[in-house]
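Please read the structure below before turning to the comments.
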Amino acid sequence: MSFADLGLIPELLNAVADAGYTEPTPIQRQAIPIVIAGHDVMGGAQTGTGKTAGFTLPLLQRLARHANTSTSPARHQTRALILAPTRELAMQVYESVKTYSRHLPLRATCIYGGVDMNAQIQELRRGIEIVIATPGRLLDHVQQKTINLTQVEMLVLDEADRMLDMGFIPDIRRILSLLPANRQSLLFSATFSEEIKKLADQMLKNPQMVEVARRNMVSETITHVVHPVSSGMKRNLLAHLLRHQPDTQALVFVDTKLVCGRLAHFLERHGISADSIHGDKSQQQRTETLEAFKAGKLRVLVATDVAARGLDIDELPYVINFELPHTAEDYVHRIGRTGRAGHKGNAVSLVCAEEKHWLSEIEKLIKLQIPQEVVPGFEPEPEFFEAGKGGRGRRSAADRTDRVEKTEGARERAPRATQPAAGGKRPPRPTIAPDGFDFSKPYEPATPVPVVDTTTSIAARPDEPPRRGQRPVAFLLGGLGRK
DNA sequence: AAAAAAT
């Protein structure tokens, strides 16, 4: 089975060949002929299955039927609209459209927030057939009458479930009301809740179902592992793991924007090139950081769930859950950034006692018992191994205090600097960082990692998180505040 | 539970 067998026109076949693809993926085999035939599609595909090309190629072919000919009623009008939930995702679809449309006289542009509107307006004035957009900025253009959607022939809703989660429903409905009723619509979603079905009912006419096997929710080329660890030692363990895999890149997920930035700083201070990406960063920073990571200029990208879905990073070997996601579905999306297109991938999760509950939810969903490996020197709280304990529901203030003490205890037990032999060379002091990191540990990465002078850089940083001894107070206050 | 998205 080749792309030619799917009925694609030569211009598209050439573009596919230019991009180096030879064989269509299952979702492409299913979707391409259906879309070319003009049907609406309800697609149940995970990302990383070739979904984007699966709708981009036939969409271009439909538009190419009368591309910019003088007889075309919609010459240089917006004829296709693709909506995506995040800016990065929109950009990625745009790249795909650009790649496959290179031999066709069709123009595409990407419309999203966080950047200057004027450049987008100029671009739209040129006459653009294919617009890839996030909903908010698109509506902004609609309001300013800088885009006309009355000639749209094709609509794609990508990652529809995510759009729902993000509260985009009103925006989507609004956009739908602006489009001609006589159009072809494609809806892609990883899950099918009642709400998605409702949306599909309103949006699609006699849709054909396209679905890749449900059981392959999680790529089989991914190796999963859980490292039980106390919450206080997580970042040290992360640095430890990264130092033992010196040549690999890793995408590290955290739950909050605050932790995101701090963790990236922590890794940088420990000589591991890292940066962070989250929604509070400027769009320019987000774009640049992602580019740097994709280009291999950055070893570690610390991210919130802004990067959890759909992002395609070539041959990314490691996804690390620094914090376990609180829904099992998020786990599937996060680790879906690795093990793509048949490559091998590793999904590593650092799990403390409080997170055990989420772990069992995840294992239920992916129908897989994830092996647990305690890394020596980074043992978890004892309660991690106690059946039924850990993380279910809210914790009382007393519990929280207890947890802090346990965490501090774990730090006390962390390996101490070895005493220098009398008369021997003294290592620089202190060798134990305030956060408990032990610099004297005999790390021997295969290739040396650049060493930063952590003793001075830590002392010099005014924006450090609170030192030991202050933290329990904050925890206590938080606990009391709950009542 | 937090994050994402128009300003």
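Residue positions begin at 1 at the first shown residue.
From the backbone N, Cα and C atoms, a Cβ is placed for every residue, glycine too.
Look at TrEMBL and you will find A:1-29 tagged as domain 'DEAD-box RNA helicase Q'. Within the domain 'DEAD-box RNA helicase Q' (A:1-29), the DSSP-based counts of helix, strand and coil residues read 16 helix, 0 strand, 13 coil.
Look at TrEMBL and you will find A:1-29 tagged as motif 'Q motif'.
Note on the domain 'Helicase ATP-binding' (A:32-210): its mean pLDDT in the predicted model is 91. What TrEMBL lists as domain 'Helicase ATP-binding' is A:32-210.
Sequence annotations record features per position, and here TrEMBL assigns domain 'Helicase C-terminal' to A:236-382. Shown for the domain 'Helicase C-terminal' (A:236-382): DSSP residue counts in helix, strand and coil, namely 62 helix, 24 strand, 61 coil.
Annotation source TrEMBL lists region 'Disordered' at A:382-483.
Summarising the annotation, TrEMBL assigns compositional bias 'Basic and acidic residues' to A:396-415.
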